[in-house]
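Undergrad: The ATP binding site feature in TrEMBL is assigned to 7, 8, 9, 10, 173, 174, 179, 184, 209, 210. According to TrEMBL, the substrate binding site annotation covers 47, 74. The domain 'ACT' annotation in TrEMBL covers 270-345, 351-415.
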Ligand code: ADP
Ligand code: ASP
Ligand code: MG
């Protein structure tokens, strides 16, 4: 008998029929003697609908009221799931985030979980009830409702699993695991049986939305065994991906060089050309950007043609693009630069793998494969276990497919 935290995403609870299927799955675990805490998302499309409603009234809405609104999507599914269980003769209780005291900071729309009082859930579990908790939401110290950012139900589930010291956290979604890349883009993508926290963290932060990045951070910090599975598979299916700490034995020669390829279509590129090259240039450009609360991802500074000036390029989230553009246009005058240029039709593609640590030549092989397809690389960034390139958005599918086959990701790993 184990304590299991399960999370069902939007598609998995997208219709009342799907919710009934989820109830049947939960019942199988209950009948096997397990204790269950279940986190659910809003029905698919509901959170987007709420966002549209808000923006029809006020754009941008005040963050506090936006959270009051967004948190309602999950309140619908917790109640429906509890009803489905109770109507089948199984005891269950649904709770909003605030009711189970998921305490967060006050950063509305992107709050971080600070603490969870598990006493409330324990009481229900001891009484033999399935505990159903609304994902994606919490409450701050002053009692305000907060939300955890898009995809935040994953984080609720992992945080509850950590707080309850659960035996496993199961993330049920519409794919049966973590793949070598998004299976919607590359049909040959292969499911990974196991991936390290470190690799999953990179993949999630580089755009693979199968898990919210904070969920992976939490799981890694508290060593919560995390499994991704499909709610569309027959119960008992063995297909899944385990995300866990790297083990000694993983460090073998035959370990895959590249675990996966992620991409991010949400970035935009800005360049300030011909800036007089003096100490402090980077600060003078990025200072005002940071003051506007805009996060910068990739940065390149290179020497201009005349040696006295520099070209400075960086990327930001597309939501911040209009504001960042304005700031750069102002800097052209104040810094005496030649001009500012912009490009929001870009995509960042990244290869991730702990095996890269011990292998040289992966970057050049990546660049060669892209060159052979006539794909121009606009920016490059590397770290110990990842290489990212920025290319034209129109090359996204071709580039991902090219790299997927170049690095043999569609073939079974040697074991
Ligand atoms: P949920 O609503 O269950 O939270 P999401 O839509 O947030 O589901 O995440 C699942 C989706 O993530 C999949 O349908 C898939 O298209 C996408 N995805 C992106 N990269 C990957 C990957 N490497 N492996 C599996 N799925 C991926
Ligand atoms: N319903 C929220 C969203 O669509 C949270 C989640 O699904 O994880 O982002
Ligand atoms: Mg999700």
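Keep in mind that glycine also has a Cβ here, set from the backbone N, Cα and C atoms.
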Undergrad: Pop the Cα-Cα gap between residue 47 (substrate binding site) and residue 209 (ATP binding site) into the table, whole Å please.
TA: 16
Undergrad: Please list the binding-site residues from 47, 173, 179, 209 whose Cβ falls under 6 Å of any atom in ligand 2.
TA: 47
Undergrad: If the criterion is a C-beta within less than 6 angstroms of any ligand 3 atom, which of the binding-site residues 9, 47, 74, 179 pass it? List them in sequence order.
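TA: What lies within reach of ligand 3, judged by Cβ under 6 Å, is 9.
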Undergrad: Report the largest Cα to Cα distance, in Å and rounded to a whole number, among the residues 7, 8, 9, 10, 173, 174, 179, 184, 209, 210 that the record lists as binding ATP.
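TA: Those residues reach a largest Cα separation of 22 Å.
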Undergrad: For residue 9 (ATP binding site), which residues of its chain lie six or more apart in sequence with Cβ-Cβ distance below 8 Å?
TA: 41, 44, 153, 154, 171, 172, 173, 174, 231
Undergrad: What residues, ordered by sequence, lie under 8 A Cβ-to-Cβ from residue 7 (ATP binding site) and sit at least six positions away in the same chain?
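TA: Listed in sequence order, they are 38, 39, 40, 41, 135, 153, 154, 156, 157, 169, 170, 171, 172.
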Undergrad: Across all chains shown, how many C-beta atoms besides its own are within 10 angstroms of the C-beta of residue 173 (ATP binding site)?
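TA: By my count, 22.
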Undergrad: Are any of the binding-site residues 7, 9, 74, 179 near ligand 1, with a Cβ under 6 Å from it, and if so which?
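TA: Among 7, 9, 74, 179, near ligand 1: 9, 179.
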Undergrad: How big is the Cα-to-Cα gap, in Å, between residue 74 (substrate binding site) and residue 179 (ATP binding site)?
TA: 27
